[in-house]
Structure formats: C-alpha cells, structure tokens
C-alpha cells in the first residue's frame, strides 16, 4: 500500500501570541507544534518574523513621498546602519531555539518587497533560518507581472547564497481577478497579500506594502500566474531547490485545460485555507468539485512512493470553526478520503495495473534496451515475460493466423528472436487450440538465453520445435515458414531495430507467408516536464540530451490539443510519424535475399501540433502501436492503449529531450521534425521543433507569412515506395470507432481547401536546436 | 591602405564545353581559370558535376508517378547498386586533377534534392571535392520553407562528415515573388533553380527537379529567405564553416530596413549576375541604387583587413556582352569604383577616424579594463592619450568651470586618477587660457604611473602642481578642491567603478565644488551578430558568456527600431538605463565622509524595445554618455556621438552576450532587464530579456494578457533617492535639437493614456536565461 500525502498546518502570529499568554512554558512554538503533530499534521509552517521587525523595516525602508527630505534622510541613515549590521532583535523573530525549528517550514515575511534590486532583508531572514537548521522557506509572491524578473533575480541570488535552503514560491493557482463576476465571490479570508497582485499596473516601489491591486487594472489571463512561475524558475535555471507553493484559495473551474499544466511543475506545497471548503448537506466541510479534482490529480501527480515528490497540503484556519460539523479533524479526514478514493490512488494499489507495476519508476529515465547489440540478462526476460497482456495478444494473433491456413496444411512457424521461449510456448498453445499440425523453428542469437531454450526444448517441447542458434540476419533456416513470429519492438516501434532484423528474417518466410507483427507505427506528442528536463540534463556530458529515454511518465503535461480548430493545419494531440510493414513487398535484395543498403529503413516526419495553452516544451513523448494480425494489436498510444492492449506492462513511452526549453504561447502551433537515419553500421534519430503563432489581423507586406498547406504536413519518407498516408483509420478499430477523432482526422484534413485565407498568417516565433547524436552515444548498432 | 574586396567569376558548363572543343590542351578548366585570373578575378567558381551525372542520378532517383511498378523497381535497383558503390564515372565530373582544383570554389549540383532524409548524393560530391583539396563548396538553396529543416539536417550531417570543408548556402536576398507587380520584372536570366522556390506549396518530393514555383502560391514575406537561413544555421549550431552565398539577382529596394539584418550574418559570397546591372546614360554597366548601396555596406560589413571576413563578389555572365560599352572588365572596374568611393572605405583609410584607429579590432572581444583592480601599463595610457577629442573636451570643460569661479579666487583643482598626467596638463592649459590663478593636486594610486608623474612634475609643471600618491577612496588631501576632475569612465559609464571611486574622492571637494564629469548615463540596444555570438562562446568555460566585452562593432545589426508606433510602450532604438551624478548631495556618510554601504550605487532598469524586423537576439550593445560640464560632454551613443564628441577613439561599445540566441519575429517587443549589483567587495551586472508579440484580434478570456503601461518601463533603481526619469532631454543638446526623436521620446510617452486599449494584447513568446556572474569571473573588484 502506498503511503498517502503529507498534511501540514499553518501557525499564525496571533495564535502564537495567544499561546504564549496562556501558557507558562518557555516556548509557545513547541507547544503548538506538538499539538499540531498530535492532530496528524506532519509539517508545521510558521512565519519567521514578527510585527516588530515589520515595524522597524517599514520605518527604515518605506519612505514617505519624499515631501519631507529630513525624514527621508533619517530613514536612510537607519537603513544604512542596518545594512552594515544586519541582525534581528530578539523580539523580531518567532523562533529562537533549535528545538523550536525542528521540522518547521519557515514563511518569509509576507510584506517583503523582492522587486527591488536590494534583497538585503530576504537574505537576512534566510541566513537566520539556515542558522536554525530550517531547510525550507516559503516566499511571498511577486507583486505583479511587471516586476517578476527582478523578483526572480533576487530569488536566484538567495538560492546561490544559501546552498542548503529550499525555497518555495507562493503563487495563486490563477489570477482570480479575471473571474470576478463570472464565478462566486472570493472568500473573505483570502489575503490579498498572499494572492499577490497580478495587476500590471505598477505600484510605486517602496511606497505600497499591502494590497496594490488597483480596481482599474485590465483583465489578465488564466495563465498569468503560471507565466510568472515560468519566468522565475527559468531565471533560476530550473534549480531543483526551487519549488512552488500553489495557493488553492481561488475557486477552481471543473475540467479546465489550463490547470493541467501545473502537473508538469515542481509543486512542493498546496496551500488550502479552511475557507475554501464548503459545507455538504449535513454541514461537514467538503471541497468544491474543481478543487477536489485538482487536489486528487496533484496528490498523484508524481505518484512516486518517494514522499518528497508529493505536494504537502497545508491547511490553514481549520481550527476556526468555519463549518458547523466535524471540528478541526474533519478537514484532514476529508482530504484523506478524497485521496484514497481517487482512481489513480486505487490503481496504484491494485496489483496487475501498470501504475502498480511501475512504482518507483515514475519519471525515472532509463536508457532504452539494445537487444541486438547487447545480450539481455535472464532477469530482464523474466520481467517482461510477466506481462499478462502481450503474450495473450500474441497467442490470439498466432491462433487466427494459423486458422487462416487450409486445414490440411502442415504449418511452419518461425519464432525469430525466441529469447527464453515465451512465444514458442504460445505458438504451441495456439496451434493446439486451432487443432492444426505445425512445426516450430526457434531462432535465437543470445548464447545465454539459448541455454534456457535448450532446457525447455528437452523438458517441454520435444520434436515439434527445432532450435537454431544465430543472428536472424545471417542464419540459414532448413525450410521457409508460413508464419514468422517476432517481438523486437521498442517503445517507439522501430527503436530496437525490428525493421533491420526482420529484413534478414524475411528470407525464410514463404512469399505468401504472414509476419506477426504485420506492421507498426511510431507516434509523438510534445511534452512539458520540469522534472524530466532536469533529469535529462543532470548527466555531465551533452550527449545525455541527445538520446531518447524510456520513461514511465507521471509529472508531465502533453502540450498539444486537438488541432481541428486550426483549419486543418494541425493534427490530433498525438500524431503518427511513420510505419513499417512486414513483409516488405518492394525490396531490392541481393542473391542471399538481403537488402543492399539500409536506406529503405530511413524515415522522416514533420508534424503540426496545436498548443491551446501556454507551456514550455521540454521534449517529445514517443509511443508505438503494432498490428500483430488482423485486428489484434499492441499499443501504448495514450488514447488507444486501453482498447487495444489494456494493462500491458512491457513498454513505457519514450522521451526525446530538448537541450533548451522552448516557450510556447497559448494558441500557438508547433512543427516537429523527426528523422530515423541510418548508415551501414548505425541507426539513430534526430529531432527538431519550430514554433509559430497564428496572428489574425491586417495582412502587411512586411510581415506576411504563408500558412503551410494541409497537404504539406507530412513530407516524403526516405523510402521510395512511401507508406500510406498517416492518420488513415487504424485496422485495430472497426467501424464502431468512427467517432474516434484521432483516427479520422485525415479525412477532414484533405477536404480543407489548400488555398490560404487572406486574413490569418503564421509567424515564426522560435525553435529548438537540432538533436543529433551523429556517431555518438545514442545510435543503435546494427 | 586597406585591401579591397575579392572578386570572383563563375564558369558554366557550356563555357567549359566550348573551351574543351576549341583548344587542344588537356584541361579547359586550367585554361579558363588562368584566363579569369588574368582578368583580375581572384576566385573561380564552377560546377563540380556534369550533365552526365544529372542524367544518371535522375534515372535512378527521380521516379515516375508509380504507375509503372516494374520501371520503379528497376530504378530502385540501380539506386541501391549506386548506394553500395557510390563513385562517379569520369565524364560525370568537371575536374579530375589537383591542378585544375587549385583555388576553385566548387558548386554542388544545382538539381540536388537535399530535402529528403537521404543525402547520399551530396555526401558523394563533397567527398570528391575534398579528395581534390577543394575547401569550399556552394550548395543549392532549399526548395521551400516547408522543407528547410530537412535541408538543414542534411547540411549539418555534411559538415560533420567533412571536417575541413566550408559549405556556403546559396539564397536569394529575399523572395522575389512578393514584389511581383510592385517592382520591375525579374531579369530573364535569373534561374528559378538558383532562386529556389520559397513557395510553401509542397512539391512532390523526387518528382520535380526544376522550377516548382506554383503560380497560385500565396505571398511570402521579405524576411522569408533570412528566416530559412536562420533555421539552417541554427540547426547547424552556428558552425563557423557554414556561410551564406547571397544571390543579388532580385532587384533591391533603397533604404529598406529589412536588408540590414544581413549585416549580422556570415556572408562569404555575393552572387551578382551581369543581368542585374543596368546601363548608365553612356551605356556602361552600373548597378541599381538599392543593389549599389547594399554591396557597399556588405563590402564594409566586416571591415576587417582579414580578407576572409569580407564577402567575395562572384560575377557571372560578364563576358556575355549584355551591356553596350565597357566590355567584360567594366563590371569589375565599376565594383572597385563603388567600393573605393564608399564613405566607409574612405573612413577606414583616413587617419584620425575611429574606423582607421580600430583596424584589426572590429568584432574582436576584449575584456574590459579594470583600472581600479589592475595597475595599467604605460602603453595602455599611451594609446588612450592619443585621443584628440577626449582631452580637448576635458580642457573645454575645465576652462568653463574655472571661468565660473570669481576672478580673484585662487582655484583648487584636484585631478583624481591622474595616470600619466594628461588631465593635469590640460588643467594647466585651461587655467592659463582663463587667466586665473590655480593650484592642482594630482592623485594617483598606480605606483608605476606615479614615476611618470614625478618626471613630468619636475620637467614641466613645477610648484603649481602637488602630486599625491594613493587610492582616492582612502587618501587624505591637504585642502578641499573647487573642481574635481576625473576620467574613470568605462564604455558603459559606470563599469570601471567611477561611482565607487568618486564616492571616496568627493570627500575632498568643497560643498559648492564642481565635479567633472558631473553625470553619466548608460545606454542599451538589442543586438544581432552571429560572429559575436560565436566569439563569445568559443571560450571553454561558461563564464565567457557571463561577462560583458569591449567590442568595436562591425558585423552587427541593432534589432530595435523607433518604438513610437507602439502606443508608448516602447522607447527609442537605443535606450537609457540609469544615471550617476557627482557630487551626490543625498549621501549618508560616516565620520570620514565615506558611504556606509555601497547599496546606493545599485541600479536596475527595464527597457521596452520595438523590433520591426525578424531577427535573432545575440546580446546587448552598451554605450555611455557623460556630461563633463555645462553642455560639454563625451558620448559613444550611436545617434549622438558625432554631435558630442566626434572622432573620439577611447571607448568601443560594450557587448553583453546571451547564452542562447532568442528568435524575435517582426513587430515584436523585447523587454530587457539589467541590474548593476553590488556587495561590499564587488560590483557586477546581470541581464535578461523577454519577448512579446502584440496580437491584434478579438480578445479572449483564455489568451488575454495586459499590455504593460507606459509608466512601468523603468522600475525603481536601488537608490532610495532615485535619479530623474530617463529620457529627459540631454543637457548636451540645446533647444535646436528639439527635432531629435531620441531625446524627446519621454515627453511623448508620458502623454499616452495609461489605460490599455481593448483590442491589442501582448503575448509572451520567449525569454533568455538570466546572465549572472555572481561571485565568478566578471564582477569588478572594489
């Protein structure tokens, strides 16, 4: 059973003051902390400084309007004196002993102004917190968008000065002013300071401490706070000690696309005041639907059993008696309840699910297997043999293929790449189920697995199976096969060199023989994930960003949306790159039946994605889908896997990282180019992306750019005999899938007039580097 | 006298064939080359392959529509056979001997298709060229915008495979189709192949060899070919072996802003057909005005005496007799003429000009001097003492300051930082000219220069001067001064720590005393320069991109334009960051008269620039302007230097590099943040930029972003007593300068209503990293 999320509580200055007055023990903090822990809170947050410090700081640093020059000079003298001797007076801080600070998350003074180039006060607080062995401090939000770069610069400076301190930026989940009049009024208890002002109207620096939201500020967008966060973490260069404290005070809409971007961000705390709860019919506190589902998603966002990857939910005001029934504990009990009843939590704790199988592997980067170059270990085979779905589907495919042969025909099956024998065993079962006569050749080049095969041959299979040792690209087989069964697929379909290996194995398939799989396709989607970006660049060498990784995605966000609103320029959320078919009917072969060069296995694709909400591109998610036989397949395509091979465990998606993040505004379009390249010794991928914005307005000679025509989205593959157009309906779905948008997009697209409308035009706004491993790390040896 | 640009000529296949027929010597190439050299052409370009190769390649690789499967298979068999044995037949190449290849620039087959993932043919040509010791090859242009990423990927692969080959991409200077109907028709001789098709309509790959411009292609913009180039060189990671061959066939408009971006690019060849020339009234060939001025600018673009930085002009068809008079030599003679009569060429060859003085230093990155930390060498003083303008203006300033004192007053002048004495000498002259009595104290902390001072004191100055050895921040001076003269300015004003040094020296200025300079300002502009970007990142360590450099700009383009069209959001092309004034009247001082901390010398600025034409941001150009006294000043501000201190040589601008290039579309806005930061030991700069696009259209809740209000452009500086608002009219200009746009922008800006119009909105589209040296290389020691 996975552990649940941590809960925390917020101590306030009045609470601390009240406790100090009613108790005679020396430390109200220790009393309150142990009270909080007895109520089940694992984290205690409290402000580091008191009103005395606020008063001194205000007198020194917040000058009057300049009308009184003498007063200004006096204040500046005090400030300069403080800067030369930057210490607190005893009554200016809440905590003074190590014991009080244990397990505490500090909250930096909310009234601090981090927008100026002067970050003395924050540095002083952090130095004091570090002195007390406090490892995490929550910072107040930037005051507005206009000052965010200065705020971020100051935070970056603090991260460098305090190398063991984690800083967490408090931000409202969106700018609530935009919804004023649209949704319920904001709760009274919401502190304007906490929410910050996202108004672009500049406040006069150093003059206004509290609410500087001006009533005439123009509306801002729903992405505004995320955009601020992106500036801050970018300026801090994705520092892993910098996280978010997301303030859930504003009411959340249900199922709104703009919230999903937070999933890809480093959220350390969720700030949840009791006032955000509503009363259910009985009077107990419950959360509004939108907030409920966001918290559920966030609790699982990282899904990892490592607790540091799950946000801590900080409750505040739970002891204020805002709700009629349940008392203080009702809030945390309710949160535990919604966590444990969430589908994601249950999947994680149910054996047989991918979520359960993948525990500990979420967002963990693994180098893809290279089973052609490396001989796999027995334990690797064992892991993948546990997949209950993959071998079931293979058996069904073989069964139907066998049935399609005449009843009196003795069927020759060749298992190319037999490993430890699971497909041989399934072939035998399929043949038996079909009531047919068959002989099976099992080809394997891994000398170690070949020992296991010999064991099973003796113990289980007998004369119905012939073992052959050798590489399927070179070995000679005694007779040609009716059915060639192989499982050489990678997460991206062809990335474990299935096309190249089957080019060799197809020699011993009869001209009318069947290959299982008969085809496979590679699919891509643009991805945002601060965590994966950081993981990929951790390695010392640049090559770490030139290779794709196998990853069980968790804290990621697919940036693309359905492109149907783009006049046919953009395809669906996840798009097909290319296809390989077996057997290849058009091959140019030498006398031995082998291709002369590997150029026919080169591929390329250019995909247009629609980006509905602003986000940062960190990489590409790669998936595959294979047709085994007829309508039996394997798929890790996020929209189709559940219908084709639900609960299949063997493949996590591929992650193609980008070296530098690429910012994508709302309603932009992303053109992704990807190549599968080959020479006589190697296969590798290269990838690149360009961003465009569709601008509507008067066309002007100086800025006019043509829209790409719909037909141009997919350029020629390297093969002379090109594959059928992508986005044709998948053979894996029958007619009942006609309302599946992704499989029918192509038809809509070709019907769009290829002429460009006069108004809108695409403007290029950015691009990534080309990722090209060349002859370096990430090619796959042939 | 600087050398002139190199000229080249293009040999064509028919020419070579004709020569082969009429001569009996073995090599028509050698004959034609030596002919060309005798006509003054230093470079000979010729196609590497013949029509025979085109024929074979076409048969193999350009398939019919797929109607005839057998024919397709036959062709594919030929192609596969060729790929396994990729050699030329003797008659498929123009050059076969080393002697023929000497000094030749090869032109790769123009009909090559680099858009597919298959670059076999180009690799074969380059390998053959490399075999013949040819070091530069010109490649045909990409066929259209849609295929440019694939083209670029192929070029990048070739650069890696052929590590000694320079590749130059031939591109028309703009897409001529956009001007059809607006300008004169295109010359007949312009090859559509050469111009490429910039139409976005996809041609069917491998089916169309020649002109694939479709007549219904939508209009493209003037930046289209530059945008293609940007994709290519970005995908090739700014490889220094990748250059441009800019085709000047299309007629050029006069004074069009979009042409200036080419100045910042690596142009190696300018392709100029004789047909682009027009006949003058006498019948001699001359160039149209637009082309003439573009060539003049390009010839000087790099201005360096190192010829490899100047584009070679390749004439073609000069021997076709297109113009009535002058013959073949008229074309090259005309080109020499326009080069030698260009103002830039003449400035370069006139002593006393900055251009002449700076020869060899163009685009060369120098670490800024740190005269406070390092004691300068005598030769450094000598170089700067040669400046005829700086000392003249200082003398004038001192002269007028002296005159402003009562006639009977014995004036005390203190020269703080006397160096080898030039300002002492000028002070003496000024005093003498004014007919006043004065005593001069000369303070210097460089022990070596102090020896020189002693020599001059004895030999020239006598009792009128008192020398004082020591740091002006610590030394005691016998009496306070009426006039404090210093020259501690860097290219950015304060970057050699003038503010900090004068904080110390101001102790020995009388309360009503005069500081010369009395103030100085720092100015910035966003800059594009592929060369400077590459130079700055050459260093092995990342810190090379965290420090500003002193650079004599040459191959650069200032990206900003006048922002007056942006409703007051953006300022002028070059914008002021901050100001320092001396003496500082508001200082908080200790008993010795020194400031308690250096926090008052922190500064910050946020500047909004308008970007009229698409470009790539590589860094910021930094300038300074100083008021010495009254209306006498020093300036390297590009728009004002000629009026304030023309021909002053002592300061090149500063270059603040960015780590990653930032793409800026046409009509975008750039917000630059820059900070001058300080602690007790160091001063440093940090900088950052964000890009926005002003989108006009229906506002939508999901995408709405507020425009920054005009007042927000400049946020608080670190000083409590902030400087006057920037962009106030400079005291260096009198009322007659009222029509100078840059100095009066502020007035226009404050009159703009700060409310945001409902329609347009700014969308964030990208940002740079923060450049923060922190405690590393580029701080300046106090």
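Backbone N, Cα and C define each Cβ position, glycine as well.
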Quick check on the annotations: TrEMBL lists region 'Disordered' for one of A:101-130, A:131-160, A:161-190, A:191-220. Which range is it?
A:191-220
In TrEMBL, A:381, A:390, A:391, A:471, A:472 are given as binding S-adenosyl-L-methionine, so which of A:355, A:444, A:496 is in that site too?
A:444
For the C-alpha pair, I'd like the distance in angstrom between residue A:496 (active site, proton donor/acceptor) and residue A:487 (active site, proton donor/acceptor), rounded off.
10
Of all the Cα pairs drawn from A:381, A:390, A:391, A:444, A:471, A:472, the residues the record ties to S-adenosyl-L-methionine, which distance is largest, in Å?
24
Which secondary structure state does DSSP assign to residue A:444 (S-adenosyl-L-methionine binding site), in the simple three-class scheme?
strand
Under DSSP, is residue A:472 (S-adenosyl-L-methionine binding site) part of a helix or a strand, or is it coil?
coil
Give me the long-range Cβ neighbours of residue A:444 (S-adenosyl-L-methionine binding site): same chain, 6+ apart, Cβ under 8 Å, in sequence order.
A:417, A:418, A:419, A:450, A:453, A:467, A:468, A:469
Candidate binding-site residues A:390, A:471, A:472, pick with smallest Cα gap to residue A:384 (site 'Critical for specifying symmetric addition of methyl groups'):
A:390
Look up residue A:390 (S-adenosyl-L-methionine binding site) in the DSSP assignment and reduce it to helix, strand or coil.
helix
Let me make sure I understand the structure: which of the recorded positions listed (A:471, A:487, A:496) has the fewest other Cβ atoms within 10 A of its Cβ?
A:471
For residue A:390 (S-adenosyl-L-methionine binding site): intrachain residues, at least 6 apart, with Cβ closer than 8 Å:
A:384, A:487, A:634, A:645, A:648, A:649, A:650
Where does residue A:384 (site 'Critical for specifying symmetric addition of methyl groups') sit in DSSP terms: helix, strand, or coil?
helix
Tell me, roughly as an integer, the mean pLDDT over the domain 'PRMT5 arginine-N-methyltransferase' (A:355-516).
94
Residues satisfying Cβ distance under 8 Å from residue A:381 (S-adenosyl-L-methionine binding site), sequence separation of at least 6:
A:419, A:420, A:449
